[in-house]
Amino acid sequence: MDVEGGGAAARRKGGWWWWREEAVLAYQSLGVVYGEVAAAPLYVYRSAFAGGDIEHSAGNEEIYGALSLVFWTLTLVPLAKYVLLVLRADDAGEGGTFALYSLICRRVRAGLLPPCAAAAAGEELDAAGAAAAPVSAVRAALERHRVLQRLLLLLALLGTCMVIGDGVLTPAVSVFSAVSGLELSMDKDQHKYILLPITCVILVCLFALQHYGTHRVGFLFAPIVCLWLLCISIIGVYNIIHWNPHVYQALSPYYMYKFLRKTQTGGWMSLGGILLCVTGSEAMYADLGHFTQNSIKMAFTLLVYPALVLAYMGQAAYISRHHNFEDGSHIGFYVSVPEKIRWPVLGIAILASVVGSQAIITGTFSIIKQCSSLNCFPRVKIVHTSSTVHGQIYIPEINWILMILCLSVTIGFRDTKHLTNAQGLAVITVMLVTTCLMSLVILLCWNKSIVYALSFLLFFGAIEVIYFAASLVKFHEGAWVPVTLSFIFMMVMCVWHYGTKKKYEFDVQNKVSISWLLNIGPSLGIVRVRGIGLIHTELMSGIPAIFSHFVTNLPAFHQVLVFLCIKSVSVPHVQPEERFLVGRIGPKKYRIYRVIVRYGYRDVQKDDVEFEKDLVSSIAEFIRCADSNQNSFMDGASHSCEGLSFISKGLPLEEEEGEFDGSDSTGSSAHKEINPNTTAPKPKRVRFALPKDTKIDREVRGELQELMEAREAGMSFITGRSHMKAKSGSGLIKQIVINFGYEFLRRNSRGPAFAVNLPHVSTVEVGMICLV
């Protein structure tokens, strides 16, 4: 669904149609963005009181102070920080930690991705705007000092790792808290043995059903969250009217002061539970690409925020009139629910917790995909669960890892106290990272004064540092979990990024010069067989070493050679007309081309049967529109994109489809994987034919005809299977990272053939040893 398509843009902003579409998007965002924050009333007060740091007294200072803290935290963090400020810092409509990092890196040239990625992006893809950032001390320091660039990358990766940790903890906390309502209807001995198995069964079902995709039941998410918000707000209004109509007085900041003055250290430590009221706030920014700023703002300010405030006020009103709780762990959501409607509310709560968990799981898949696109995570299998809904992906390896970790923490802790301590640290760390990166965006991208940026950093940073310190104190009571998880994922990301960088440097240093190709003649000194050979390379210029290694050991190759370079660039999306760059290597008679295919870090590289067709048609269009100098060729030694041409639209080719008889094993490698449970279509054989255009030059038509014949003969994918080893004399840490860490990840990750979704029968791997 194109939420920002031409139809919406064509209508006048502020008109009836515009408001109608924004309202529809706001309603849809409830099920995707706000499931997690909507489920927070299930466990916020319980987490604040369950630790034993504060006790509910007859004077109600504790519950009033907790309500005041919840209200002002909700007002300042999600409403003031995210809705009013952070949502404006979009990267071509996309949000999230990597969006902020990408904005900063493109503006000040401080990225640590290989140089070719920046060059491949091109100025025309820079969504940050054409205005140059003014020279400042901060910008100069970032561009000059490599250490600051590494710290910036580590900061972005830290936020990403904590989001992944949140993906482990949120399902456990939400589902366990929702199911805990059963304890009010059972004996103490019964619910002790019932809650954990039921929670684990729900979690297993949740993760086991991920490969089916959410598009079949996604239409239910928004109604469920909407029903849940209406339910908790109505219950809140009832409790306010029935138990304590004057509870609104606790919204005054004065009650925060009374709370902290009375409880002192205990009250400060209880802030780790209070901060859970803003869990899920980061999703407003991370999911910006699926909706619009106005729709997300509308949903939060008009429905989510009022409903949550009423829910927390209602719980506080009930608790303020009841002081006979056995301990703090019994102060929770369900005690304030009237007994007659407790079972229906329990059912809605479980559904709402599942929706909130689904949102964070899907978000984790998207983040892993972004990291993999930017060479910060090993290549993983990405399955597109929907052929129509953008961004609906499923990563099997990550899904099962999340399930195992989620079940482990649930069974290991067995209560919400330790789980919420762990979740709180993950949530507040992500917010701190966003605050730090956002202050740099204000200074470097928005060109505001340093006073404005520091004001934002100090105000919101001070609030979040207080909560961060309160959460970190609970390190031995569960907060060690997100730290451990983020450390493991951080090590994986850093090792993979470092190894990939060293591999690229090796390729650059060992590439073959263009003169070597020219000296061996058009036949390349080998037998040229029918078909197209795609040679995968990370280089944008020169001849990769795997090609010379291949022809030295196997002196035969295809009649048409294509050096294919697939790049994920530091912009969220690349338009289809800007995706292909095509050039020629050597004279025309060599029939060697270079194609660079560019994807944004948010682009979904679908398992599309059209990829090969688009590739061939782009080369054909390049041949047709070649320069008048027929013997010109791209300078392979150049470090720029000189010689490459944008192919906005490939040459239209006529197709004839027929049954594939299976006699040609190197035939069309068209392959599409949408869902492993769908029946694969019967393979087809596609015959390409040139359009009947009499204006095409005879020599050009001959080259095009040869390209079509080669495509019909089949297409093979040749890639290097490099074995990385540290050079003798390298440091101990480098040897461990390269010889063991990176090699282990490489052996257990997907090969580059998965980037273009070619079947194994069309792939040839060339082994090489790379000494770095």
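Each position is counted from 1, following the chain as shown.
Note that Cβ sites are derived from N, Cα and C of the backbone, with glycine treated the same way.
It should be emphasised that the depicted structure is a prediction, and the values quoted were computed from it without experimental measurement.
Checked against Swiss-Prot, the domain name for S136 matches that for P378, so both face the same side of the membrane.
Residues 26-27, 29-30, 33-34, 37-38, 40-41, 44-45, 56, 63-64, 66-67, 70-71, 74, 78-79, 83, 226, 229-230, 232-233, 235-240, 242-245, 247-248, 250-251, 277, 284, 331, 333, 335-336 of the same chain lie 6 or more positions beyond the ends of the transmembrane segment (299-319) yet place their CB under 8 Å from a CB of it. Tertiary proximity for the transmembrane segment (345-365) is limited to same-chain residues at least six positions away from its ends with a CB under 8 Å from its CB atoms, namely 31-33, 35-39, 42, 163-164, 166-167, 170-171, 174-175, 177-179, 181-182, 202, 206-207, 210, 214, 221, 224-225, 227-228, 231, 235, 280, 283, 286-287, 333-334, 337, 392-395, 398-399, 402. With a cut-off of 8 Å on Cβ pairs spaced 6 or more residues apart, the transmembrane segment (67-87) and the transmembrane segment (424-444) reach 3 or more such pairs and are scored as touching.
Through the fold, the transmembrane segment (424-444) approaches residues 47, 77, 81, 85-86, 89, 97, 100-101, 103-104, 107-108, 133, 136, 138-139, 142, 155-156, 158-159, 162-163, 165-166, 169, 272-273, 275-276, 278-279, 281-282, 285, 450, 452-454, 456-457, 460-461, 464-465, 467-468, 471-472, 474, 479, 482-483, 486 of its own chain, all at least 6 residues removed from its boundaries and within a Cβ separation under 8 Å. Highest Cβ contact count with the transmembrane segment (266-286) among the listed stretches 151-171, 193-213, 217-237, 393-413 falls to 151-171 (criterion: pairs under 8 Å).
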